[in-house]
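K.L.:
Pulled these features from Swiss-Prot for this protein:
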type   : residues : note
REGION : 62-101   : region 'Disordered'
REPEAT : 174-204  : repeat 'WD 1'
REPEAT : 216-246  : repeat 'WD 2'
REPEAT : 258-288  : repeat 'WD 3'
MOTIF  : 275-290  : motif 'DWD box 1'
REPEAT : 300-330  : repeat 'WD 4'
MOTIF  : 317-332  : motif 'DWD box 2'
REPEAT : 342-371  : repeat 'WD 5'
REPEAT : 384-413  : repeat 'WD 6'
REPEAT : 433-463  : repeat 'WD 7'
REGION : 465-486  : region 'Disordered'
Amino acid sequence: MPAPTTEIEPIEAQSLKKLSLKSLKRSLELFSPVHGQFPPPDPEAKQIRLSHKMKVAFGGVEPVVSQPPRQPDRINEQPGPSNALSLAAPEGSKSTQKGATESAIVVGPTLLRPILPKGLNYTGSSGKSTTIIPANVSSYQRNLSTAALMERIPSRWPRPEWHAPWKNYRVIQGHLGWVRSVAFDPSNEWFCTGSADRTIKIWDVATGVLKLTLTGHIEQVRGLAVSNRHTYMFSAGDDKQVKCWDLEQNKVIRSYHGHLSGVYCLALHPTLDVLLTGGRDSVCRVWDIRTKMQIFALSGHDNTVCSVFTRPTDPQVVTGSHDTTIKFWDLRYGKTMSTLTHHKKSVRAMTLHPKENAFASASADNTKKFSLPKGEFCHNMLSQQKTIINAMAVNEDGVMVTGGDNGSIWFWDWKSGHSFQQSETIVQPGSLESEAGIYAACYDNTGSRLVTCEADKTIKMWKEDENATPETHPINFKPPKEIRRF
């Protein structure tokens, strides 16, 4: 028996043009301009939205009745206590015999009333002319109603201490290239400088006379540090080398190998035999001084590590980089503790205050102060040194100095962030005007002398002006109008 056949419905043949027109019509229905228009405004929804906004803004304040208060009957009613301050009147005057109600100034809560939009009137059940601010309202509503009573920022900003201006009293010449680094001896008898001429020179602090020249690097020397626990000096340069010098023999006794590119900064731990170096390979390396072994490779930056310091009290390392960040590292585990992203430009210089638990960092956008050990942001310096800042230092008296790439040297009051002196270095004869940059700065152990290393191949020494007084050099200080929290 043959299987039943099913009839297939004929499909109407459609031309390609008809199909394309059908698709075009469907697209117009979906994407026509009518669908992109907003619906007509709904008055009821608009009224609900306005009432909600008014409730949020003024819900914590009881409205004041716009009706005038009822005048009391002064003939039959005895005068009672009122919310008024009576003016003093001459003795025997008629006003004193009537309860002093006519010569009174009503002190109402008009200062605390919210400013209502034009055309909006509030009515309430209470007839008293007082403003009630509940304790459970939000801080925004409380600040809205008491903004006129808030204390102004300039009155709370610390006033800077007076500091004598600094002057250049000595220029030392001897290097054949840019002077890139400086470090002082713990005994405060000499200091050493590293230069682009690949030499390290040791100078007498009192006279500025050259005492010794050390050679060993094959590129410019960018970092120097003198140990206060050993007779060692450490140097780092663009030749990827970190060297330990014995100052009794005046020769290299150890070399630390591991950096993949130039080494830009160097620091010693104050209490441990640990050396910290940062370089162009974006890594801060921690070395054991005695065994020459690398303890940690603190990797996490995305660009050159150009500044580093550590503290004696906490196992903490702080690094600044060209990637605009400042990182806190735990020296016990070699891990990142936190990252500060306040700067917008390269953090080329940092300095630790010798007494306070705080440090400052300098960038081309601003100079900022942070607290330790958590790195909480304190404030910006009140002026902006509009240049690339390569060097900064601070002494125990609270005088911070920053040196720029254009030869500008600014002196700051640490507490308030006020710049009390803005100077320019003088390029020595034979140098170009563009060689007015400052690459390194360091105070001596007393904080009374400052050494700057500059691009005109000279070393300049600064000290305070002995003849300056607060009368001859007054403080020109204007407190900021607002506090920037970034």
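Cβ coordinates are placed from backbone N, Cα and C, and glycine is handled just like the others.
Map these features onto the structure and tell me what's around them.
P.N.:
For the repeat 'WD 1' (174-204), residue counts in helix, strand and coil come to 0 helix, 18 strand, 13 coil, using DSSP.
Counting residues 6+ beyond its ends, the repeat 'WD 2' (216-246) has Cβ neighbours under 8 Å at 177-178, 180-186, 192-200, 252-257, 259-268, 270, 273, 275, 277, 279, 287, 289 in the same chain.
For the repeat 'WD 3' (258-288), the residues of the chain that approach it from at least six positions outside its boundaries are 219, 222-225, 227-229, 234-242, 294-299, 301-312, 317, 319, 321, 323, 329, 331, 334, judged by C-beta separation under 8 angstroms.
Note: the motif 'DWD box 1' (275-290) comprises 0 helix, 11 strand, 5 coil (DSSP; helix = H, G, I, strand = E, B).
In the predicted model, the repeat 'WD 4' (300-330) has a mean pLDDT of 94.
Using a Cβ-Cβ cut-off under 8 Å and counting only residues 6 or more beyond its ends in the same chain, the repeat 'WD 5' (342-371) has close neighbours at 303, 306-309, 311, 318, 320-326, 377-381, 384-396, 400, 402, 412, 414, 417, 486.
Taking DSSP states H, G and I as helix and E and B as strand, the repeat 'WD 6' (384-413) has 0 helix, 18 strand, 12 coil.
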K.L.:
Residues of the same chain, at least six outside the repeat 'WD 7' (433-463), with any C-beta under 8 angstroms of its C-beta?
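P.N.:
Apart from its flanks, the repeat 'WD 7' (433-463) reaches 166-184, 186, 188, 191, 193, 195, 203, 205, 208, 390-397, 399, 401-409, 424-425, 427.
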K.L.:
Which bits of the chain, at least 6 residues beyond where the motif 'DWD box 2' (317-332) starts or stops, bring a Cβ under 8 A of a Cβ in it?
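P.N.:
That would be 274, 276, 278, 282, 284, 286, 296, 298, 300-310, 338-350, 359, 361, 363, 370, 373, 375.
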